[in-house]
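Student: Here it is, the structure in full.
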Amino acid sequence: MMEYPNQSGFRQRKLLPQVRMRGSAMEPSDPTQLFDDTSSGVNKHEPGRVGKSPDVFSGQNLLSDPMSNLAMAYGSSLASHGKEMMDKNLDRFIPISKLKYYFAVDTVYVGKKLGLLVFPYMHDNWEVNYQQDTPVAPRFDINAPDLYIPVMGFITYVLVAGLALGTQNRFSPEILGIQASSALVWLIIEVLAVLLSLYLVTVNTDLTTIDLVAFSGYKYVGMIVGVVAGLLFGRTGYYLALLWFCASIFVFTIRTLRLKILSEAAAEGRLVRGTKNQLRMYLTMAIAAAQPVFMYWLTFHLVR
């Protein structure tokens with residue numbers, strides 16, 4: 001506050017504006033202050049102490065609590081144990097690791113395998129290659145069974161069947177579902193019948209159920225070609241294509257399975273003689289002869 005004389009000789013006082021620096025605390029008596037100034041980061045009630053959020057202390061206390069650490073360790077152990085049990089039980093019913101082997105294919109393998117299914121007459125070596133008592137992946141051996149071609153063949157067969165039914169104005173989702181279900185049921189019946197026959201004949205073979213599914217699914221290639229030929233060239237084209245692929249799948253199955261079913265006699269260097277070995281030979285021929293029957297049964301009604 002300053003005093004200066006005026007013309008009348010009296011002194012007048014001039015009030016200077018009160019300036020508050022930014023960041024300084026305001027007096028409690030300031031009527032214009034609505035909230036406490038916390039921008040300085042200093043606690044009013046505890047001068048000189050840096051203020052921290054209570055959440056930080058609660059998080060640190062939680063991490064340093066022995067009971068919390070014990071609960072976290074127990075939860076992690078329980079989760080890992082549950083995952084291990086789930087993988088073990090899942091692998092018991094669905095052998096995921098084995099299925100990966102049957103889908104280890106590439107474009108070169110698929111092309112060669114399809115060519116072998118179309119024309120198997122000039123192929124000489126039908127033995128599956130092994131590496132340390134384990135069969136090599138299908139992409140390295142054309143004789144190894146795979147599931148890629150059978151699975152894609154089944155899906156393509158259902159689509160081609162829907163196309164054939166559509167050209168005849170007989171298509172409906174229900175009929176297509178029945179077509180796919182019947183093909184799947186016949187495949188399951190075929191595999192179960194072969195397994196039962198192998199058990200009754202007491203064949204000592206390394207054939208697995210997945211191998212039988214693969215060999216039974218190769219016939220879908222000929223079925224697809226037969227139906228497409230029927231759509232393009234009529235029933236004559238259908239019968240010609242089906243006849244060719246029936247003969248091809250018969251030769252392919254005979255030459256593939258005889259090394260599996262008759263492997264015991266072949267390993268001992270014995271000829272296929274005796275009642276037991278003759279039963280195995282007849283079983284091999286029966287499995288091969290069943291392929292053309294299923295091919296005709298599942299396709300003849302699709303071509304008119």
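Note: Cβ is positioned from N, Cα and C throughout, glycine not excepted.
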Student: Hey, in Swiss-Prot are Val110 and Leu259 both on the same membrane side?
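Tutor: Both on the same face of the membrane, per the record.
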Student: Check the transmembrane segment (183-203) against the transmembrane segment (237-257) for contact, please; criterion is three or more CB pairs under 8 Å, pairs 6 or more apart in sequence.
Tutor: no
Student: Per DSSP, what is the residue tally for the topological domain 'Extracellular' (168-182) in helix, strand and coil?
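Tutor: Tallying H, G and I as helix, E and B as strand, the rest coil: 10 helix, 0 strand, 5 coil.
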Student: Cβ under 8 Å, sequence separation of at least 6 from the ends of the topological domain 'Cytoplasmic' (204-212): give me the contacting residues as numbers and ranges.
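Tutor: Residues packing against the topological domain 'Cytoplasmic' (204-212) from afar: 95, 98-99, 102, 145, 147, 191, 194-195, 198, 257, 260-261, 263-264.
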Student: For the topological domain 'Extracellular' (168-182), find every same-chain residue at least 6 residues outside the stretch whose CB is under 8 Å from a CB in it, and list them.
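Tutor: Same-chain contacts beyond the ends: 158, 161-162, 298, 304.
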